[in-house]
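Asks: Before anything else, here's the structure in question.
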């Protein structure tokens, strides 16, 4: 635990703390991996936390300790407020797979082509892409071609208060993400898998497409005539059962939606469009037409549509349908928002996911203590500190509770940006590069020193040739140099390759300036395990210190070894020459 932030105003308490800390650093923690100051990437979090405390509790912030855990998995989740469910943007990722790469000739699939496209349907992937362009021509602002990030970002996340809304999909087969406790969900929307297919005709072909999922409406209230009248459908064409063509002659029809029950009787309410999986944040004192236009892709849309969509084609009504391709829909949240499923957080929902999730903001585990408290530094002694400092969770200091979050008045400003992972990855790859360069210089010095020693040895052998050579002249065992520089250079090459790989990955994460809204999907590659990388980044300074100490010890050993060679001292690494003359 590292203590940072605003120090207590009591000077004697502060001096006593620093004295204990200095004593522990000098005598009890010789291998302390982290320096006294906090890592630079946590400075912004500490400053933001202090600002929030100053705004919510001024009497407390003037004399308190802020305590932040440096554990890579210790995070606290703050539930997203009601408006986040209706206004948070989503990025869409598409992937296709084929059972038969060349099932139909290209000329028969020309009906699926978007006429504005210049791509010729010469392979199945382009044929499927042409078909998708027909459906997705109105969704181009929301489609992201970069690979999404899967896998949990954190695995020990706690949520201290109940979230206003959760989404649950319990499939018999799927990718399990985790299940939130019912006590952490004020209301849960249950999704059910489709059991039928729908038919769609395009050109001369009859398509059979997997039907949409459904939402359990048993606990929803039908008040659409009062609150959703005038709410227009978004103009999208994601799927036949989501298509909503718009034109000047035929404006979109108003949608109908159901009320999500709220434990509090207030004017802010959530309504759900169960047909198009949209959440509307309504105020019952104002008509919905006065609210701004909402995005057609929302977190509920992502949860409902994240799956595999099979497409079969049929030449005639009497022929057997043949599988054309499978469309995999995957969605990712915007910066700062995360899906919390059980105790794990995700940026993206994989296709065919299963579990119970909600929207949250992430913050490191931050606590605070009264500035008059004496904070003991744990020493490595047989006795243990019996007195426990009363650390208060940050949410209590900010005045957050389950009711305030459910009402939508909770805080949504504290979040851990994924940019942290990118900067730490850059720093770690730079450290590895510096280590490899240092080892290269040291090995070059060792090779140069060995060449000098061998050259001196040859000179001494020439000077003592009349006496039978240096070894016979000294009447000692002869020593020879065993060159193992090749192994060192191989290890240096591995370090450089690893550093180059990390640098390439970090550069690939950087978002181009023309795609600022999609930079989060570049943060980490798909196959990189996030938790091990984060642990490596956390202990990078410790590894660098140990390697530096190893290099110093190695230099000292090589120097001593070279001196022994120069003064012809014995060494177990050298081999004696035979002293007897060979027999005739």
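Along the chain as shown, the residues are counted starting at 1.
Cβ from N, Cα, C; glycine included.
According to Swiss-Prot, the protein carries these features:
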type: DISULFID; residues: 471-478; note: disulfide bond
type: CARBOHYD; residues: 47; note: N-linked glycosylation site
type: CARBOHYD; residues: 199; note: N-linked glycosylation site
type: CARBOHYD; residues: 222; note: N-linked glycosylation site
type: CARBOHYD; residues: 265; note: N-linked glycosylation site
type: CARBOHYD; residues: 283; note: N-linked glycosylation site
type: CARBOHYD; residues: 352; note: N-linked glycosylation site
type: CARBOHYD; residues: 370; note: N-linked glycosylation site
type: CARBOHYD; residues: 483; note: N-linked glycosylation site
type: REGION; residues: 388-408; note: region 'Fusion peptide'
type: MOTIF; residues: 454-470; note: motif 'CKS-17'
type: TRANSMEM; residues: 524-544; note: transmembrane segment
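Buried or exposed, and what's around them? Tell me for each listed feature.
Replies: DSSP assigns residue 471 (disulfide bond) to a helical segment in the three-state reduction.
Note on residue 199 (N-linked glycosylation site): other Cβ atoms within 10 Å of its Cβ, all shown chains, come to 12.
Residue 352 (N-linked glycosylation site) is surrounded by 15 other CB atoms, counting those within 10 A of its CB over all protein chains shown. Reduced to three states, the DSSP call for residue 352 (N-linked glycosylation site) is coil.
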Asks: Go through the recorded positions 199, 471, 478 and tell me which ones have a CA within 10 A of the CA of residue 352 (N-linked glycosylation site).
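Replies: Checking each Cα against residue 352 (N-linked glycosylation site), there are no hits.
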Asks: Please work out the mean pLDDT for the residues of the motif 'CKS-17' (454-470).
Replies: 76
Asks: In three-state terms from DSSP, label residue 199 (N-linked glycosylation site) for me.
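Replies: In three-state terms, residue 199 (N-linked glycosylation site) counts as strand.
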